[in-house]
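Asks: Let me give you the structure first, and then I'll get to my questions.
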């Protein structure tokens, strides 16, 4: 029964998420359900493990969220992100729209822009491209989120919060397990591109187009949804701040907070004229700061739920059961991180919970920590994408779609494919010492 309490809690989390209940309510509410059913002391658990897990996450990673969101706000408000996107769009002449949106999003997040901010920057671009190609809008959420949360999140050298968490807990580099990391990123990229082309063709053959898809809410045109191309900054100048972040983070090896701060300063200098006045610049910075607070609170509140789950007899039984099963240490790392990420509804939150609980176990198993780093980061990007994940709820709301309309392709590209890559590429390559 102890394990069933956790399963029922996750199902409850998922159902309420489908009903669009805020993560800020979901976290404490489902935590109380677990506490009562597990017969834990209510106030002591909420004020102790729940708040400790949430506060610990904020303490460790607020600055990462903060600088990432401020940088993203600048790139969005100045038109720099859109400029980069439009310059890349020309390469395909309007073809391969869904894969292209995914790749552009991935390049932006690889360049240090927060995934939450990329959602807002990419949605108007995606709408215009899908409209011109007459594709069903149901693929837009998956195309954007697959770019933000798969290969660009788990690839070598990425300044993603997940890569940073693994670096700080395991004292590894951003390019840990380089060959498996490259192969895994490419495998995810190829699988997702093929899937999007298959789905685009299938939906079109069914007669599901941009304006005529009876399964989703009709689209209402907004003529001001995207900037005119002529008003956008030079794409090369727009890309310089993101390139500087990657250089400072991976070559100079500055902490990610320092690297992104340099990106912010360079963006302000290079793109100063793109915003009309100092007061508008202040508004842009304020917007980024507010976005960072929203993003980290949504994550931390759910991490608190994972902190409660960690205290239950059911969680201990799951871990003990996994420890007694005959499996390779690398598979153990993958499964435990995936379960933690599913419980937290967050890749970064799940990594934090897994490393806090099991770091010593991973080390004692004798696995090369570079392999633990890469396997855990990729594994964190699997069950984190269950329907209760705050980021997916936010993105679906931005796109004006429900889970029923947009979640299938999200699940395929961000749960099924990463699991396949983990089992068929990452772990086998690490097992033979590549």
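Any Cβ shown, glycine's included, is placed from N, Cα and C.
Straight out of TrEMBL:
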TRANSMEM  6-36  transmembrane segment
DOMAIN    6-340  domain 'Citrate transporter-like'
TRANSMEM  57-76  transmembrane segment
TRANSMEM  96-123  transmembrane segment
TRANSMEM  174-196  transmembrane segment
TRANSMEM  236-269  transmembrane segment
TRANSMEM  289-309  transmembrane segment
TRANSMEM  330-355  transmembrane segment
TRANSMEM  410-432  transmembrane segment
Asks: What stretch of 57-76, 236-269, 289-309, 330-355 shows the most Cβ pairs under 8 Å to the transmembrane segment (6-36)?
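Replies: By the under-8 Å Cβ criterion, the transmembrane segment (6-36) pairs most with 289-309.
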Asks: Considering only Cβ pairs under 8 Å, which range in 57-76, 174-196, 236-269, 289-309, 410-432 makes the most contacts with the transmembrane segment (330-355)?
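Replies: Ranked by Cβ pairs under 8 Å, first place goes to 289-309.
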Asks: Sort out the residues at least 6 away from either end of the transmembrane segment (96-123), same chain, that have Cβ-Cβ distances under 8 Å to it, and list them.
Replies: 65, 68-69, 71-73, 75-76, 81-82, 84-85, 88-89, 129-130, 132-133, 135, 139-140, 142-153, 155, 158-160, 189, 192-193, 196-197, 199-200, 239, 241-243, 245-246, 249, 259-260, 263, 288, 291-292, 294-295, 391, 394-395, 398-399
Asks: Same-chain Cβ contacts of the transmembrane segment (410-432) under 8 Å, 6 or more residues past its ends?
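Replies: Apart from its flanks, the transmembrane segment (410-432) reaches 141-142, 145-146, 149-150, 154, 177, 179-180, 183-184, 187-188, 191-192, 195-196, 328, 330-331, 334, 338, 368, 371, 374-375, 378-379, 381-383, 385-386, 392.
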Asks: Take the transmembrane segment (236-269) and find every residue of the same chain, 6 or more past its ends, with a Cβ under 8 Å from one of its Cβ atoms.
Replies: 63-64, 67-68, 70-71, 74-75, 78-81, 83-84, 108, 110-113, 157, 159, 164, 174-175, 281
